[in-house]
């Protein structure tokens, strides 16, 4: 850091009355006297901005026209890649003119060239068009994003060389400065991409993903389940019930092994180590539930074109458009709904009613050694068909059941996440960490961990026994609207209003996959049961399928008439269901992969081809 930069930092610290930090910096830089010629406040602002320019405002329109003419007159093989620089150059030209007080020229530039940009950039341009003065730029989310981050453009070596030659020949300083300061070219070897290939990965705020963003190895496989066969009842032959004491009868044979556990399962080479993340030990009750689930899975009919799933619908009477979210347990025994009047209601969907735990005096009389101790702890007289949970002070935007159906999470506009007990029907913990409304919350498939997403552009990883987050995932340019756990709980996926999908490693907090291609805010995510594929849905009805092994787009489901609010895979991973408001369900059939890794290859039921 040179003397002028150090002086600027000291001036800022002095401005905000950060005396201790200022003294520490002076001591570290061995400054015993004041620096001569400390810049004034206005000078500090000009040093920190990238838009200070003394250029003639009339040259901006001519420079952009020249760039546009160069793109249009280029060979077809290069034209489409060169065209990707037009939008970011227009944005930064406009912001530079506004910052330097040339509002009239900025408005004229925007009116002339904004309609020619891609349709998915029109909303961004309309938001920028409102910024007509330098004061408007302060605190503007979109302006800050473009000013603080370089726009990423993937371009072949030949196309980039052609662009450089043009800039060197024309020597238009306005263009050269903007491209050097605000654009980043992720160059690759090979033939320039076609228009359809560019369209498939375009649309996100900030441009495309760098190839380096998707180089980290992802353990997308599913590890072996813990040993639970000790609780499985042995399978015996009917003839083996004879009395062993009878001399005329043969001795009793050994009990046969349960065929459910006799099959040896191959270990997935793409699965993470079992001890990669700390996992709580399974309780005996959880093991029994897993054995029961495995038996049901062995009897399950594989879904496909000839055996489509059935759909069970529930209607909330007299809701009066107050419902914000809903969630059903894995076994379809309970339904939780969040309302905009800050309450959460839970209904039972089976004949068994929702019981509460006995009082402390009554619990003392329960035999804790009994096998059915959990059943004995519940008060039979307290059974109800529904329960109301009060505690939030704003609309409830998402709810999530724990895998063992004993806990419920809810998040709200009041910036908090609440953990509710479904045994005593009260709030156990209030988690505070987000500074603004929390849009989504999800339990891990293992329980214990959960993730949240909010207006503050971050997602967070929590544990039920920690009141502060374990990890903070920051990197999105706008609200994080949805979050989803990977089936192996080692990763979480986030979808944002910046039109990007990210995959985060819970052990490091780093982004390991960045996927661009959506043209509107991402509103829903769903993982296939194999863990390899991730589906994402956006507000414009576009549903994309991603292969997490490389972060590539592999399929698109088209034909939706509106925003897709929810996605869900079948348990076998062969069918993806998308849900729209007041529209029928849509099915995406997946074809079994011949690679033998248990994954499925996406194929749209509407015949949409896979994007190579």
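Backbone N, Cα and C atoms are what each Cβ position is placed from, and that goes for glycine too.
Of the candidate ranges 30-52, 53-75, TrEMBL annotates residues 30-52 with the feature region 'Disordered'.
Per TrEMBL, the stretch carrying the note region 'Disordered' among 178-230, 231-283, 284-336 is 231-283.
According to DSSP, the domain 'TFIID subunit TAF5 NTD2' (55-183) comprises 100 helix, 7 strand, 22 coil.
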